[in-house]
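These come from TrEMBL:
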| type | residues | note |
| --- | --- | --- |
| ACT_SITE | His40 | active site |
| ACT_SITE | Asp85 | active site |
| BINDING | Tyr20, Gly22, Gly24, Asp41 | Ca(2+) binding site |
| DISULFID | Cys19-Cys111 | disulfide bond |
| DISULFID | Cys21-Cys37 | disulfide bond |
| DISULFID | Cys36-Cys91 | disulfide bond |
| DISULFID | Cys42-Cys118 | disulfide bond |
| DISULFID | Cys43-Cys84 | disulfide bond |
| DISULFID | Cys52-Cys77 | disulfide bond |
| DISULFID | Cys70-Cys82 | disulfide bond |
| DOMAIN | 1-112 | domain 'Phospholipase A2-like central' |
Amino acid sequence: MVTQVTGKAAIPYYSTYGCYCGLGGRGRPKDGTDRCCQRHDCCYGRLEKWGCCPKTIHYSYRYYWGHILCGSDANWCQEETCSCDWALSLCLKQNAGRYQTKYTFYPNFLCWGPSPSCSL
């Protein structure tokens with residue numbers, strides 16, 4: 001989904017970016033792109049509190065004219081996981097012009113400071 005919406009391959013561009021894109025996350029996000037990933041972590045965290053497994057759940061979606069349509073046969077967890085991923089994809093697209101290669105493969109020990117709280 002990220003690749004379709006942003007036009008950038010998700011793994012090389014975003015899997016090791018900043019303090020939040022990829023596994024884990026801590027400290028202050030480095031920029032808008034990293035903030036997108038931090039918000040996505042919050043979105044997944046909320047779903048986990050509801051008993052969903054957003055990191056491993058499978059869902060279907062269709063991409064039409066720049067819009068995502070989450071699968072009509074989806075259960076609540078699938079629908080909400082799709083919504084989290086759609087929000088991430090849009091956010092990354094909006095911040096694409098400010099993507100900074102210096103934050104690719106960013107070392108975790110440089111991620112410090114207060115972590116933004118997740119809004120409900």
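Just so it is clear, glycine is given a Cβ too, placed from its N, Cα and C backbone atoms.
Any TrEMBL annotation is an automated prediction that lacks curation.
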Neighbourhood of Cys82 (disulfide bond), C-beta criterion under 8 angstroms, separation at least six: Tyr59, Tyr61, Ile68, Cys70, Gly71, Ala74
Additional residues around Ca(2+), ordered along the sequence, whose Cβ is within 8 Å of the centroid of Tyr20, Gly22, Gly24, Asp41: Cys19, Cys21, Leu23, Gly25, Cys37, Gln38
Rounded distance in angstrom between the Cα atoms of Asp41 (Ca(2+) binding site) and Cys91 (disulfide bond): 13
Cα-to-Cα gap, Gly24 (Ca(2+) binding site) vs Cys118 (disulfide bond), nearest whole Å: 15
Fewest-neighbour residue among disulfide-bonded residues, criterion Cβ within 10 Å, set Cys91, Cys118: Cys118
